[in-house]
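> Questions regarding the structure given below will be posed in turn.
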Amino acid sequence: LHKFTSNRRTMSEAMGPVEHLIAKGPISKYATREPAVRQGPIPELLTNYMDAQYYGEIGIGTPPQCFTVVFDTGSANLWVPSIHCKLLDIACWVHHKYNSDKSSTYVKNGTTFDIHYGSGSLSGYLSQDTVSVPCNPSSSSPGGVTVQRQTFGEAIKQPGVVFIAAKFDGILGMAYPRISVNNVLPVFDNLMRQKLVDKNVFSFFLNRDPKAQPGEELMLGGTDSKYYRGSLTYHNVTRQAYWQIHMDQLDVGSSLTVCKGGCEAIVDTGTSLMVGPVDEVRELHKAIGAVPLIQGEYMIPCEKVSSLPQVTLKLGGKDYTLSPEDYTLKVSQAGTTVCLSGFMGMDIPPPGGPLWILGDVFIGR
């Protein structure tokens, strides 16, 4: 996997409204709405860019056409730009495009699809082809897996300017089929159905150290023991749509508790920050002395970060503690370094919400 500056950061610098940018449109992500030779776990290296979001490479077609995608546990569809995208779709011009004429395994579908984001609707039509992870296996990522007959979206219109600056071409959703647009079987569910891995498991290692090599990894079919000590802790999925679990509470030092009495939370690799209800996050920022900026961001004086309280999430009776360095982000611009809070307030309405979203700030710890 590779890390890149989030759309939110890139577009925020261009004064775009944050509601259009964070998590590729979480309002719509959360508001509404299963024979080849088996093999061992398949690693996919992810790249870390400026401690923000993560992408990896896949191939679509025969021979494979390579695309960079966000492996997103907060959505369930795979889409990439199409060679047939609209003339005025600038985002399409600057990214790799799928060309069905160059694939011997392409099967026409043609059903139209729409995925709604805060800045507009991404639209196109469905197609079917093989999907390879990674695109071209190498010595650093041996093996690989090819999923046959995978339905995916060819995007012919991408909304607003959000995707223009993106360092990824598309998105590969890894949530449950229940939230898949057009009821398309997600890639990993198709992979399981075709019995391409011994264990129906995938795992992420996200390293927030941008200098670390290899930086991050997605493992299909298992876990990589070199990235953890001891035994794994399991939490029940409370609703098979997103990777949704129950959070008992969230403590800010000894001065504040939010999510009192418990709440629901989503573990989402496609969101950079931790997102919670507006009123609760406002209280959290008050407790850590963060100062509001424009566009929903909060700043913390960098010299005060080390003295901030720890933030502890209690999940299934187990404490997961974030240090101040874990939940703050250093951003340098025009020679000046500022420290931003890793928390964002956003109210997610029923039936999907209210929810906390545990993004890369949490997962990367």
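Indices start at 1 and increase along the chain as displayed.
Each Cβ is built from the backbone N, Cα and C atoms, and glycine gets one as well.
These figures come from a predicted structure and were not determined experimentally.
Grabbed the feature section from Swiss-Prot, which reads as follows:
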type     : residues      : note
DOMAIN   : 54-365        : domain 'Peptidase A1'
DISULFID : Cys66-Cys135  : disulfide bond
ACT_SITE : Asp72         : active site
DISULFID : Cys85-Cys92   : disulfide bond
CARBOHYD : Asn109        : N-linked glycosylation site
CARBOHYD : Asn236        : N-linked glycosylation site
DISULFID : Cys259-Cys263 : disulfide bond
ACT_SITE : Asp268        : active site
DISULFID : Cys302-Cys339 : disulfide bond
> Out of Asp72, Asp268, which of the active-site residues is least crowded by other Cβ atoms within 10 Å?
Asp72
> Determine, from DSSP, whether Cys92 (disulfide bond) sits in helix, strand or coil.
helix
> How many Å separate the Cα atoms of Asp72 (active site) and Asp268 (active site)?
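Asp72 (active site) and Asp268 (active site) have their Cα atoms 7 Å apart.
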> Once the DSSP letters are reduced so that anything not helix or strand counts as coil, what is Cys302 (disulfide bond)?
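Its secondary structure by DSSP: helix.
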> Report the nearest neighbour of Cys339 (disulfide bond) in space among the recorded positions Cys135, Asn236, Cys259, Asp268, comparing Cα positions.
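Checking each of Cys135, Asn236, Cys259, Asp268 against Cys339 (disulfide bond), the shortest Cα distance is to Asp268.
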> If you draw a 10 Å sphere around the Cβ of Asn236 (N-linked glycosylation site), how many other Cβ atoms fall inside it, taking every protein chain shown into account?
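Its Cβ shell of radius 10 Å holds 8 other Cβ atoms.
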> Of the recorded positions Cys66, Asn109, Cys135, Cys259, Cys263, which sits closest to Cys92 (disulfide bond) by Cα distance?
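Checking each of Cys66, Asn109, Cys135, Cys259, Cys263 against Cys92 (disulfide bond), the shortest Cα distance is to Cys66.
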> From the Cα of Asn236 (N-linked glycosylation site) across to the Cα of Asp268 (active site), what is the distance in angstrom?
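Each residue's Cα considered, Asp268 (active site) and Asn236 (N-linked glycosylation site) end up 15 Å apart.
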> If you measure from the Cα of Cys259 (disulfide bond), which of the recorded positions Cys66, Asn109, Cys135, Asn236 is the nearest?
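Result for Cys259 (disulfide bond): the nearest of the recorded positions is Asn236.
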> Rounded to the nearest angstrom, how far is the Cα of Asn236 (N-linked glycosylation site) from the Cα of Cys135 (disulfide bond)?
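The separation of the Cα atoms works out to 33 Å.
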> Write down the Cα-Cα distance for Cys302 (disulfide bond) and Asn236 (N-linked glycosylation site), rounded and given in Å.
37
> Provide, as an integer number of angstrom, the distance between the C-alpha atoms of Cys302 (disulfide bond) and Cys263 (disulfide bond).
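Roughly 31 Å, rounded to the nearest whole number.
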